[in-house]
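Heads up: the structure comes next, in structure tokens.
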Amino acid sequence: MNVLVVGGGGTIGITTAYTLAVDRPGLDITLADPRTEVTDAHATDLRHSQCHASHAIGRPAFEDRPGTISTVDPTDEPGQAALEAADAVVVTASEPRSMDNLKRGGRLAVLERNLEIAADLGEWFGASGPTPTVVVANPSDRVTHRLWEASGWPRSSFVGYSLSETARLADELARRTDAAPDEIYCPILGEHGEHMVPVFSRATAAGEALSFSSGERQAILDYVRQVPYDVIDKRGADDSSRWVTGRGAALLVSRLLAGGTDRNDPVCLATPLDGEYGLEDVTLSVPVVLDSDGVAEILEWELTDEERRGLEDAADAIRSSLG
Ligand SMILES: NC(=O)C1=CN([C@@H]2O[C@H](COP(=O)(O)OP(=O)(O)OC[C@H]3O[C@@H](n4cnc5c(N)ncnc54)[C@H](O)[C@@H]3O)[C@@H](O)[C@H]2O)C=CC1
Ligand SMILES: O=C([O-])CC(=O)C(=O)O
């Protein structure tokens with residue numbers, strides 16, 4: 001199988017590609033990025049990393065030959081071959097974050113340029129048939145929306161990634177409840193950003209319902225909003241939360257390649273809405289069931305009044321910045 005990583009020369013793109021190559025050694029990966037020297041160097045290094053597996057120190061049992069790692073320059077007549085070979089696409093293509101945008105709200109600093117990149121990529125994508133696409137580039141909900149509009153592909157082909165927030169929330173709830181992070185369940189709807197909506201009414205630890213006061217909910221929300229900016233502040237503008245994001249995006253791609261998710265185990269991702277939750281002309285995170293083409297179904301959960309208001313506020317914020 002084949003994955004195309006658009007923006008594959010950057011921090012998140014290459015971390016996602018590396019995680020995929022480790023998890024699925026037989027996968028063919030194409031890195032598309034205009035920084036061709038950097039991308040070629042990453043491809044060489046990644047290919048060398050696969051060669052450990054052919055010696056005694058590597059994997060004990062090999063089911064597949066190592067996949068190929070190739071590169072393409074998307075700004076130089078990229079052609080359709082890379083897209084047509086892909087079973088899934090990941091978009092991390094982005095303007096670099098500037099040094100003065102390291103604080104909360106920094107995702108919106110790249111909005112204007114990233115919408116232009118999305119419009120260009122959409123034109124490229126649209127000349128090929130639909131392929132399930134995971135959008136990580138920020139602001140991921142707006143970029144998903146623009147890419148969908150420009151591509152002419154069905155809305156079900158696109159999911160905007162915001163699962164790093166869900167992982168951060170699990171970490172914080174585990175700390176507060178003494179549960180293990182993998183025993184925590186608390187999905188997040190809405191924006192990838194300030195207007196995220198943790199669905200506390202569905203939160204559980206080891207299957208038992210969790211309940212938090214409104215002060216606790218606010219403190220938890222503040223942690224999840226702030227922590228990626230603490231990471232960026234300490235590591236620098238060109239190194240955001242690569243481990244949680246690379247792993248989350250790779251897991252999501254693996255689920256798509258494996259055929260999707262069970263209806264009883266939906267995942268919250270940004271998808272363009274057409275009346276679901278009473279919202280349209282906007283893309284934000286809602287529970288979806290995945291199949292190998294992307295979104296097979298959008299589930300409409302019962303929400304508390306506070307959660308529903310949160311979702312409407314997220315929709316207003318996203319719509320107003322899309323113009
Ligand atoms: N949704 C999420 O949870 C997260 C989103 N992000 C976002 O992901 C994006 C990527 O972050 P980093 O990898 O750290 O940035 P980066 O600056 O390291 O990499 C971006 C890459 O995109 C490339 N690029 C620019 N225009 C392109 C085009 N037209 N086609 C293909 N590639 C193009 C650049 O050459 C660069 O290599 C950013 O927008 C960042 O804010 C980062 C972490 C988490
Ligand atoms: O602002 C960023 O680039 C990082 C980001 O979205 C995250 O880690 O959730």
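A Cβ is built for glycine as well, from the same backbone N, Cα and C atoms used for every other residue.
Per TrEMBL, the feature active site, proton acceptor maps to H192. Shown in sequence order, R107, N138, P139, S140, D141, G160, Y161, S162, E165, A270, S285 are the residues of the chain, 6+ apart in sequence, with a C-beta less than 8 angstroms from the C-beta of H192 (active site, proton acceptor).
The Cβ of G13 (NAD(+) binding site) lies under 8 Å from the Cβ of V5, V6, G7, L31, D33, V90, T92, A93, each of these being in the same chain and 6 or more residues away along the sequence. The feature NAD(+) binding site is assigned by TrEMBL to G7, G8, G9, G10, T11, I12, G13, D33, N114, V136, A137, N138.
According to TrEMBL, the feature substrate binding site maps to R97, R107, N138, R168. Secondary structure at R168 (substrate binding site), as computed by DSSP, is helix.
Sequence annotations record features per position, and here TrEMBL assigns domain 'Lactate/malate dehydrogenase N-terminal' to 1-159.
According to TrEMBL, the domain 'Lactate/malate dehydrogenase C-terminal' annotation covers 166-321.
Taken in sequence order, the binding-site residues G7, R107, A137, N138 that lie near ligand 2, meaning a CB under 6 Å from one of its atoms, are R107, N138. Of the recorded residues, R97 (substrate binding site) and N114 (NAD(+) binding site) place their C-alpha atoms 11 Å from one another.
The local packing around N114 (NAD(+) binding site), expressed as other Cβ atoms within 10 Å of its Cβ over all shown chains, amounts to 24. In the three-state DSSP classification, R107 (substrate binding site) falls within a helix. Listed in sequence order, the residues of the same chain lying 6 or more apart from A137 (NAD(+) binding site) and placing their CB within less than 8 Å of its CB are G7, V91, T92, A93, S94, N114, I117, A118, V143.
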